[in-house]
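**Q** Below is the structure I would like to discuss, written out as structure tokens.
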Amino acid sequence: MNAPPGSGDAAASALEAASQAEASEVEASEAEAASAVEAASAVGAGGAVQPAVAASVADRARAAELARELDEHAYRYYVLDSPTVSDAEYDRLMRELTALEEHHPELRTPDSPTQKVAGSYSTLFTPVEHLERLLSLDNVFDDDEFHLWAARAARETEVDGWLCELKIDGLAVDLVYEEGRLVRAATRGDGRTGEDITPNIRTLASVPTRLRGASVPELLEVRGEVFFPTEKFAELNASLVAGGGKPFANPRNAAAGSLRQKDPRVTATRPLDMIVHGLGAQRGFDAASQSAAYARFAEFGLPVSTHFEVLASVGDVLAFIHRWGRARHDVEHEIDGVVVKVDAFALQRRLGSTSKAPRWAVAFKYPPEEVTTKLRDIRVNVGRTGRVTPFGELEPVLVAGSTVGLATLHNVDEVGRKGVLIGDTVVLRKAGDVIPEIVGPVVDLRDGTERAFVMPTHCPECGTELVRPEGEVDIRCPNTDACPAQLRELIFHLASRNALDIDGLGYETAIALLEADRVGDIGDIFHLTPESFEGLRGFGQKKIDQILRGVEAARHRPLWRLLVGLSIRHVGPTAARALARELRSLDAIAAAPAEQLAAVEGVGPKIASAVVDWFADARHRDIVARIAAGGASLADAGAAEGPRPLDGVAVVITGTLDGWSRDSATEAVQGRGGKVTGSVSKKTAFVVVGADPGAAKYDKARSLGVPVLDEAGFAVLLERGADAARERAVAADAPAAPAAPDTSGGQGAPDVDSARRAQRAQRAQDDAPPG
């Protein structure tokens, strides 16, 4: 049997606005080899290859240079656990070399990085031979490349099931069990030889030292990925820096470094975990497919992922890939793509492998969320509450679809914990819509010119001496009355999409109004007139009308949005919605004692104290009075009425709803007394599922037996209430066990209900591979 391979090798609003310029062009560093890479974009995915031509001297030199670079980067990644380039840069170099070799086959040698399983084994541990070789995976990077790969596989054999699983970004490990007893654990190494880490693996709570059950195989070699939980990563680095140690660049390096400790007792202190996803040598183990093997692994007590499915069509596979691309941060470990495998072992054997990778599996790589770049400087930004936030000025770099030149460092303590110096090469992370963040330095690239950041002692905007309130991590400017930065940020925040969403009142408008003394605080916004803009450059009648219409609309926004716009410390959308839902008017909130506010679900003592303190300030009460005098509503409609139809009903919304934005759907629920939460729990009354729902939320609803509503059911919930909605909900009869593989080797691990399949059926018809 062929061995299946492993699955994977705020700040302030001004900073956010400046740091996320959308980029449509390719970076200059990548454009250098664009023509060669484009010609080979189908390599590894079944694409046609251009006719070979003789290699020039420059081509030969470039190929040799690329081979040397790739070998060095692989050594630093797999052996030293200390990479100096990002995964994205490594992939780019590999694709360039692959392209050159496809154009000029004479450049391809047996020892080329394109022909080898990446990695080597360290000399720090005893080398051991794997019973069966661990192969790498070919990569595809978009739908077209995946279609080409799938079509090639389907031409060679009739594929009746594609197993899709998350590609864990961790350290590949090989486990050997004899008569059910763990006898050896080794790293991947070069695929043939790894390093013996058995004592260290035994410290992982998730890895059984003896397999469960009476019918364990005589011999079982399994492959998997050891990972470091993302939520624990920052905590580890902080402790390392505090002790004078070297921080890890990312969770993958933390996993590798923790597992390769000479003293297993150190490994035992790290919260490592593992997922098994592959089969090597075996005797006495019977399974017809990958999914059936996973079911057996689970019976033996081996850790297997619940986040996989066996799907019938390429359309369904791509839907899985893109769904998890949106939900990649909903799992406990980092993922950088999805691995797709032909499920049946017989078909895997028929398709075979190259010297490097199986033909029956491929990794669909997501756009990189981590890259390396130079930290040019560290500066500070003053926010609307006076918080002074360090941020990094970077050499602009493309990450997650945006060109990023600025990134948050949160606070001065965080700069110290991360161990970053001005001039460092740093790892930059941008996850989805999250503000770009500097993860840590690449210490091995330091040349001695780097320097430490020194926090300023006075506000860079108004010159006031900065303070650090007792018990807080943030340093603040106490000049809340006159600091121009704070006033600017307060106005910009009030008008932002998360608050009153005032069309036309952006950052530049806020600056212009303040500098011309047309406004002095946020209360003045509701008293703007056409005369307020007289003499201001760039404000024509059309622009003025747009802003004034935006202010008029803001006067009638829901109460929670006004609460957010007031910039009360700690009061974000969640707490604001809870307070508005419970008390219904700003007067009631202002008059409520801290104990009453703290009793509101989702508020608590810290937020309650901040609200009481804010309204205790006479200047703030004057601002509220001026807002009211400007015609703004300080109460929600129906504030004097009794109970509402969805009082106490918790709803989770996932996917896209026709005719509803996420904000409008949320406000529809909250306006009827319900609340919308971000995660599914036993307290959730309904999960509303639109098109392309988040996999984790949907599966959690099924496992807990929470009623699921489609869009029509959501309409019933809003119009007729919870009881009527339950009658048309899709719900499990009883809470389901955690999703487990299908032992039949068929199409269902885990099951996908018929309504969800029907939504995708039409899309899948045009996507099915030939044959």
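Heads up, the Cβ atoms here are built off N, Cα and C, so glycines get one too.
Got these off Swiss-Prot a minute ago, pasting:
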ACT_SITE  K167  active site, N6-AMP-lysine intermediate
BINDING   D87, A88, E89, Y90, D91, S136, L137, E165, R188, E225, K341, K365  NAD(+) binding site
BINDING   C459, C462, C477, C483  Zn(2+) binding site
COMPBIAS  1-23  compositional bias 'Low complexity'
COMPBIAS  731-742  compositional bias 'Low complexity'
DOMAIN    641-731  domain 'BRCT'
REGION    1-34  region 'Disordered'
REGION    728-771  region 'Disordered'
**Q** What are the DSSP helix/strand/coil residue counts across the domain 'BRCT' (641-731)?
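**A** The composition, in the requested order, is 35 helix, 17 strand, 39 coil.
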**Q** With an 8 Å cut-off on Cβ distance to the C459, C462, C477, C483 Cβ center, who else from the chain surrounds the Zn(2+) site?
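**A** Near the Zn(2+) site, the remaining chain residues are V382, G386, P460, E461, G463, T464, P478, N479, A482, P484, A485, Q486.
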**Q** Taking just the CA atoms, what is the gap between L137 (NAD(+) binding site) and K167 (active site, N6-AMP-lysine intermediate) in Å?
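**A** Roughly 11 Å, rounded to the nearest whole number.
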**Q** If I restrict to non-local contacts, at least six residues apart, and a C-beta distance under 8 angstroms, what lies near D87 (NAD(+) binding site) in its own chain?
**A** D169, D336, P368, E370
**Q** Find, for the listed binding-site residues C477, C483, the residue with the lowest Cβ contact count at a 10 Å cut-off, counting only other Cβ atoms.
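**A** Comparing Cβ neighbour counts within 10 Å for the binding-site residues C477, C483 gives C483.
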**Q** Between C-alpha atoms, which of these recorded positions comes nearest to C483 (Zn(2+) binding site): E89, D91, K167, R188?
**A** E89
**Q** Around the Cβ of C459 (Zn(2+) binding site), how many other Cβ atoms lie within 10 Å? Please give the count over every shown protein chain.
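**A** Around the Cβ of C459 (Zn(2+) binding site), 23 other Cβ atoms lie within 10 Å.
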**Q** Relative to the Cβ position of L137 (NAD(+) binding site), how many further Cβ atoms are located within 10 Å?
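**A** So the number of other Cβ atoms within 10 Å of L137 (NAD(+) binding site) is 25.
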**Q** Of the recorded positions listed here (K167, C459, C462), which is spatially closest to E89 (NAD(+) binding site) when Cα positions are compared?
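**A** For E89 (NAD(+) binding site), the closest Cα among K167, C459, C462 is found at K167.
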**Q** Round to a whole number and give the Cα-to-Cα distance in Å for the pair K167 (active site, N6-AMP-lysine intermediate) and R188 (NAD(+) binding site).
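**A** For K167 (active site, N6-AMP-lysine intermediate) versus R188 (NAD(+) binding site), the Cα atoms are 16 Å apart.
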**Q** For R188 (NAD(+) binding site), what is the tally of other C-beta atoms lying within 10 angstroms of its C-beta?
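**A** Other Cβ atoms within 10 Å of R188 (NAD(+) binding site): 28.
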**Q** Between K341 (NAD(+) binding site) and C477 (Zn(2+) binding site), what is the CA-CA distance rounded to a whole number of Å?
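**A** Rounded to the nearest whole number, the Cα-Cα distance is 56 Å.
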**Q** Using the alpha carbons only, what distance in Å do you get between C459 (Zn(2+) binding site) and D91 (NAD(+) binding site) once rounded?
**A** 44
**Q** Across the domain 'BRCT' (641-731), what is the average pLDDT of the model, as a whole number?
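**A** Its mean pLDDT is 83.
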